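Database features, via Swiss-Prot:
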- 1-20: signal peptide (SIGNAL)
- 24-198: region 'Disordered' (REGION)
- 49: D-alanine (Ala) (MOD_RES)
- 54: serine amide (MOD_RES)
- 56-65: compositional bias 'Basic and acidic residues' (COMPBIAS)
- 84: D-alanine (Ala) (MOD_RES)
- 89: serine amide (MOD_RES)
- 100-109: compositional bias 'Acidic residues' (COMPBIAS)
- 119: D-alanine (Ala) (MOD_RES)
- 124: serine amide (MOD_RES)
- 126-135: compositional bias 'Basic and acidic residues' (COMPBIAS)
- 154: D-alanine (Ala) (MOD_RES)
- 159: serine amide (MOD_RES)
- 170-179: compositional bias 'Acidic residues' (COMPBIAS)
- 189: D-alanine (Ala) (MOD_RES)
- 194: serine amide (MOD_RES)
């Protein structure tokens, strides 16, 4: 009986001790929380006084940076997908659009210039180009003929002009011979003496 009594008293004593310890811990914890809150309020007031961002402002800034980072990662992912599937990137689209705008401006400028030329009777760019190409072809042909003429002269061949003169001379001789043969045949047919018999 006394053992049971002692055991109950011991349990009761330990319960009271643990209860007081819990109360003390709770009180200390509450004091720490209060001190921390006071410290935070003081820090907040200091930040406000000296223009530093508050904890809330820091949180907002951090969230904004995280959103920005997520957006950049999304753009990088999209860029990689476009690259993988051969679609132009935002930058490439911008460059292409600028290039198309420049081409369009250039075409409009050329059309305007063409209209001015037409109005004032100047040859167009296309007409100038055709004229220039024609002149270049003519010049090339002349240079080729000069080169051929020099080769003929160097190797003793007659030039195109000399060939033409020679050919005309040969044709005249042939015509003359044919004429003489015809006259000879007429004389013979009508019994006149030929130039040879005369």
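Backbone N, Cα and C define each Cβ position, glycine as well.
Structural mapping of features recorded in Swiss-Prot.
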residue	record	Cβ within 10 Å
49	D-alanine (Ala)	8
84	D-alanine (Ala)	8
119	D-alanine (Ala)	8
154	D-alanine (Ala)	8
189	D-alanine (Ala)	8
Nearest to residue 49 (D-alanine (Ala)) in three-dimensional space, by Cα, is which of the modified residues 84, 119, 189?
84
Based on Cα distances to residue 189 (D-alanine (Ala)), point out the closest of the modified residues 84, 119, 154.
154
Can you break down the compositional bias 'Basic and acidic residues' (126-135) into helix, strand and coil residue counts using DSSP?
10 helix, 0 strand, 0 coil
Distance [Cα-Cα, Å, rounded] between residue 119 (D-alanine (Ala)) and residue 154 (D-alanine (Ala)):
54
